Amino acid sequence: MAFFETHNISISFGGLRALERVSFEVNKGEVFSIIGPNGAGKTTIFNCINRYYNLDEGAFIFKDKNIAKVSPHVVADLGISRTFQNIELFKNATVIDNLLLGRHRHRRSNLFMEALFSPSVQRQEIESREKAEEVIDFLDLQAYRDQFVSGLPYGVQKTVELGRALAMEPELLLLDEPSSGMNMEEMEDLSFWITDIKEELGISFLLVEHNMRLVKEISDRVLALNFGVVIAQGTPNEVLGHPEVMKAYLGEEGASTAG
Amino acid sequence: MRFLMKRNYNQDIQLFKYRSTFFWYLALIIGCCLLPLVLDDYITSQLSFICMYSIATVGLMLLTGYTGQISMGHAAFFGIGAYTSAILTSKGVPFLLALPTAGLLAGFIGIFIGLPALRLSGLYLAIATMGFGFIVDEVLVRWESLTNGNMGMMVDPVSIGPLTFETEVQFYYLTLVVLVLTILAAKNILRSPTGRAMIAIRDSEVAAQAMGISMAKYKTMAFAISAFFTGVAGSLYGHKLTFINPESFTILVSIEFLAMIIIGGLGSLHGAVYGAAFIIFLPQLIIMTKDYMPKYLADQTGLESALYGLMIMLFILFEPMGIYGIWRKKKFYFEMFPLYKKDTFKKEKKYFKAERH
């Protein structure tokens, strides 16, 4: 049994079939990328995993458990964290508070203990801060630690979002276009971080990405989608060179000249 | 501006960032304790009202300012607290038990009012909570066997064991103690996972869910906490007035609560107290300045409500962060004294916003 398995999922919005019997598997400790032109249904997969949308049919199996029917917050509780295409940070909170929010699933305190700020809550806070501080060190966010998110540059906000997802100590990390809006340098950092996280922490990645160079560099396996249908699946080289994929990106004519 | 060299995590979770802050708050509390010595009974009783309203607005601030859920029905929780405590003490239950019970009952009902918040937001939530306010108001009028309807009911004065709180000064100390405890509890919740979850819901529900924050749990919890504090405030309010009727808990009171937190500054506990103090003292200020106004203006009927409305409008237009925003700017001016420029503030605002709560 694979670590994370998507089993024949379909969803439609009105008359539009956004996903049509999509299946794939993510193994433990692997970077799995989903590519495809705009509107192919990549982000829809993420939103289905996070339970923002209800599947019409199919199932998500995570660690032998079907998570296609649980409440949205349970998905995170089980160890799946994500970032968003259009940054969804807590804007009126500091960077450190955002990271501490990532620690939410590890809390052990209840409201009564918190109102008294009992010693156990204090210990928990310190523990959360240690973890958050580790993430800050890893992603070089020291300079922004106490700053408000709303005023930070776009690339840094993206990094903070990655940090928040990491602070959760997830087992599976969903990254939705992590490199969009980043400059070359930030992108190189990103590819380094992803490889590092994978190798050191053993976290698996599910990635939606448009930058083919990044996809090629970091992915173990790639899946190509077009209009909600899987058109190719395999190693980066196989999929990126696949005639159907070329056709989806470049059109009939472009594919024949490129091929 | 001061920068703190932190050497361990304990420093990071302290209630007071600097030693001097602790000193100033201590001085403030001592000052509040000494106030009745120099003030007359009337002003002291106004101070009690400030404390009681502050307890309620701290509750509403947690809900509206921090969780981002508006409530136009908080007068109902205020009323539930007042009636619960009044009825319990009249049946011989000691005040020390009636006070938390009043809060707990309000909090329990708050859970059910929180449920529609799962599906509603903004204006729709405002209307739904307003409807709840009307229902409670109507229940208080109709349930005559329990509440004595529109005739109202007398409330016993407060006594805890051998201590009685009958004079203005004694009652002021009681409300002050409850207020300090309320603020401490609210502050503690805000620096714990629950408080952060509330802020997360305010800023982005989608991301909050992705962090494992359950909307159902934390929204209803925010309503319950908020209603609890407001219920406690209501209990004190009833004992202060010694007579309550449903008219003390109409929608106007709910709107007054909202005005207090908006004028005080949304998203800060300071703001809750400043707002309450401002609204309570505004009528006094108007009366005091009446002597200096031209006669035709001073004799105008409706002068107070017009000024009241004008103040709210001016605040929303020019200082959306409320009185707390003004306070922060002034504080910054003195800290930076010879160097202060308007632009400096704008530049440093980002840094300062970080220390908002």
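Cβ coordinates come from backbone N, Cα and C, glycine included.
Here is what TrEMBL records for this protein:
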- B:21-39: transmembrane segment (TRANSMEM)
- B:45-63: transmembrane segment (TRANSMEM)
- B:70-89: transmembrane segment (TRANSMEM)
- B:95-115: transmembrane segment (TRANSMEM)
- B:122-143: transmembrane segment (TRANSMEM)
- B:171-190: transmembrane segment (TRANSMEM)
- B:220-237: transmembrane segment (TRANSMEM)
- B:305-327: transmembrane segment (TRANSMEM)
Have the transmembrane segment (B:70-89) and the transmembrane segment (B:21-39) got at least three CB pairs under 8 Å, pairs 6 or more apart in sequence?
no
When counting Cβ pairs under 8 Å to the transmembrane segment (B:21-39), the leader among B:45-63, B:95-115, B:122-143:
B:45-63
Can you name the far-off residues of the same chain, 6+ from the ends of the transmembrane segment (B:45-63), with a Cβ under 8 Å from a Cβ of it?
35-36, 39, 69, 71, 74, 77-78, 168, 171-172, 175-176, 178-179, 182-183, 186, 189-190, 198, 222-223, 225-230, 232-234, 236-237, 240, 257-258, 260-261, 264, 266-269, 271-273, 275-277, 279-281, 284
Near the transmembrane segment (B:122-143), which same-chain residues lie under 8 Å Cβ to Cβ, leaving out any that are not at least 6 residues past its ends?
69-76, 79-80, 83, 113, 116, 149-150, 246, 249-251, 254
